[in-house]
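Since the structure comes first, as structure tokens, the remarks are kept for the end.
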Amino acid sequence: MWSLFHKLGSPRPFYEISDRLLPILGCLTVIFLSVGTIWALGFAPPDYQQGESVRIMYVHVPSAIVAQSSYMIMAIAGAVFLIWRIKIADIALQCAAPIGASLTLLALATGAIWGKPTWGAWWVWDARLTSTLILFFLFIGVIVLRSAKEGSEAVGRATATLAVVGLVNLPVIKFSVDWWFTLHQSSSFSLTEKPSMPVEMWLPLVVMVAGFYLFFFYVWIFSVRTEILKREYRSQWVRFIHDV
Amino acid sequence: MMFKGFNDFILMGGHGLYVWSAYGFALLVIGYTLIRLAMDRRKVIELNKKRKSEELDS
């Protein structure tokens, strides 16, 4: 197990192992997202209060969950880079940020679209929404800072520090619905408790969450591979990949 | 199927505009991401080719 971690920490084995992993991941992503979408749009029941607009949940909740997870993953990569100075951790951090930003934007947009028919407002400055907006700006900050100087270790360390410090925002998002009075409903979905919605609703939601996670990992690994090709172009093995 | 016909499905009980724009936005984000991936990879491959030929010249 440890040797596998060791291998994945260096560019060449990572590139070779992920070469076989990526098509499988891509297929699974397509399957989960299409099954989940058809299920969510056509077969999940309407809500007794919200009617059909509850179908927005199947995009909103997965994008918000995976956006926060991608921040967590990005910050862990940052910590690994700060402690052990593993180059691939810097690449992993850099590649997680744009996906996280897109998913946070998707969560914010679908939240606004869902808020209009449900609360009567596109946006309110309450704790959950504001802390999620901060999450978006943190991702943007990481992207901008990391692009200051490509491949520079000093910039990498500064970016990693920002990512790790920004972690304090995650519990704020999570507990915002409990700490403050907010319009946003509290979580009806967790790993440890029985969900407070019927099985016909949470099963497609689980499929969508899995689909979004798969999508994240597909895109993440794909970008890490591209960045490896860019940074390691001097290595013999990169030169011997014939179309690169 | 929760809907009586195609029309019903599009209307989404009066929430059609909201539901479809949410899914449309999701599609947009996914599409943009995939295009970005492909373009980034192509750009890096081009860059590496250029680096190679520059080395051969010098």
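Note that Cβ sites are derived from N, Cα and C of the backbone, with glycine treated the same way.
Note: TrEMBL annotation is automatic and uncurated.
Lifted from TrEMBL, the feature list:
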TRANSMEM  A:21-44  transmembrane segment
DOMAIN    A:28-184  domain 'Cytochrome c assembly protein'
TRANSMEM  A:64-84  transmembrane segment
TRANSMEM  A:91-115  transmembrane segment
TRANSMEM  A:127-148  transmembrane segment
TRANSMEM  A:160-181  transmembrane segment
TRANSMEM  A:201-224  transmembrane segment
Legend entry - Long-range neighbours of the transmembrane segment (A:127-148), counting only residues six or more past its ends (CB under 8 A): 64, 67-68, 71, 74, 93-94, 97-98, 100-101, 104-105, 107-108, 111, 155-156, 158-159, 162-163, 166, 169-170, 172-173, 176-177, 179-180, 182, 184
Inset, instruction - May I ask whether the transmembrane segment (A:91-115) has at least three C-beta pairs under 8 Å with the transmembrane segment (A:64-84), counting pairs 6 or more apart in sequence? - result: yes
